[in-house]
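First comes the structure, then the notes that go with it.
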Amino acid sequence: MAAGRKRAPAPVWSACRASLSAAWRDKHLVLFSAEHTLVVTALLWTLEVAINLWVIHRVTYTEIDWKAYMGEVEGVINGTYDYTQLKGDTGPLVYPAGFVYIFTVLYYITDHGLNIRLGQYVFAGFYLITLLLVFRIYHRTQKVPPYVFFFVCCASYRIHSIFVLRLFNDPVAMMLLFGAVNLFLDGRWTLGCALYSLAVSVKMNVMLFAPGLLFLLLSEFGLMKTLPKLTLCALIQVVLALPFLLVNPVGYVSRAFDLGRQFLFKWTVNWRFLPEEVFLNRYFHLCLLIAHVTTLSVFALKRWTRSGTSVWALLKDPSDRKEVTVLVLFSSNFIGMCFCRSLHYQFYVWYFHTLPYLLWSGNVKKLAHLLRVLILGLIELAWNTYPSTTYSSLSLHMCHLIILMCLWFSPGPTPALVQPSTTPRNCNYILG
């Protein structure tokens, strides 16, 4: 190298410097322009490190399911592979095999589950990894103005509680799920399907994303090339469950994937306004299932295809691919949440990080930014009302209905999304 010649800056540093320079140049738009998502989310993520440490040290840990988890995996460690014989303090083991392996690792890391503080630190790490994955999705798609990300992390007491004060298994499943979504955005569909299947093996709720994922796979690859990916998902489930399937296959499937499981009325967040006998009625459950399947079908036929344009045509353009992929997956999960037989408090994490994307994807102009933030606030309030009330449940359903209607009536991708636009992207967030 000739003397005095300067080295080219590292690509990562160049990107960071460019982002910071752009943020300073457009500082009056930093909170409103999606182009500055990277800078704002980096600052919020750093702040979250301190917030999680503060919560762990200042807020009292509440025991709910952690001891039960440890009791369940301890049974496996002691040599019991019959799922019908595995149970903890709160009842039988009702999660798939992936849960057993992950929480067995946590069992040993936390001194047989006794070192709660260390467990909290581990879950704080899960929380920060989840945020990184979620922020990367928002950065890649650039659909949401950066000021909203404050509500995605710092402002939610319930989400911090679910992760570091309760140590539920739901956050672990969602962390893996968001990892899979990132892989889908990168075009690594096979690896993404594998990680998705791992997420399902931790908790069955991730299957709410399955209709959307199947729709995208068929649209992207066609039936014949989709079958190997579905086979991979199934094979992962079988391999993980093999020790239990060899002992009692019916017992494993009936416990780990119990679709008819009955929930207790006292824990419901979404159906408090109903009489308990209606809440427990099987015909009511059947009606919810029919409504769920019908809504998914209508969205798949009329909305995910966007105004007569096939999803295949949209997916051929890389910029549209990101938006369509995330929208289909998130809306598939959200529709499932709307028609759940019961939502418990820890289930909030199933869709919390997707709500801003859904609200700002439903680009209904009359739904101003302030109203969208208000909807996020009302949903947070409903999930923080304990015990739930008639009014909190009704308000939650009203917010769900508004989001669903916005997704239905929102305009689909237009040629302006594919062709270069003369209007800067950040202006859309000011004018919209």
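Using N, Cα and C of the backbone, Cβ positions are placed for all residues, glycine too.
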- Annotated transmembrane segment segment (source TrEMBL; candidates 167-186, 367-386): 367-386
- Which listed stretch (121-138, 195-218, 324-347, 367-386, 393-410) has the most C-beta pairs under 8 A with the transmembrane segment (93-109)? 195-218
- For the transmembrane segment (324-347), sequence-distant contacts whose Cβ falls under 8 Å of one of its Cβ atoms, 6 or more beyond its ends: 137, 141, 158, 162, 166, 168, 170, 181, 184-185, 205, 208-213, 215-216, 263, 267-271, 279, 285, 288-289, 291-292, 295-296, 299, 303-304, 306, 311, 314-315, 354, 357-358, 361, 383, 386, 397, 400-401, 403-404, 407, 413
- Note on the structure: Highest Cβ pair tally under 8 Å against the transmembrane segment (195-218), stretches 121-138, 144-165, 230-247, 283-304, 367-386, lands on 230-247
- Can you name the far-off residues of the same chain, 6+ from the ends of the transmembrane segment (283-304), with a Cβ under 8 Å from a Cβ of it? 211-212, 215, 274, 311, 324, 327-328, 331-332, 335-336, 338-341, 404, 407-408, 412
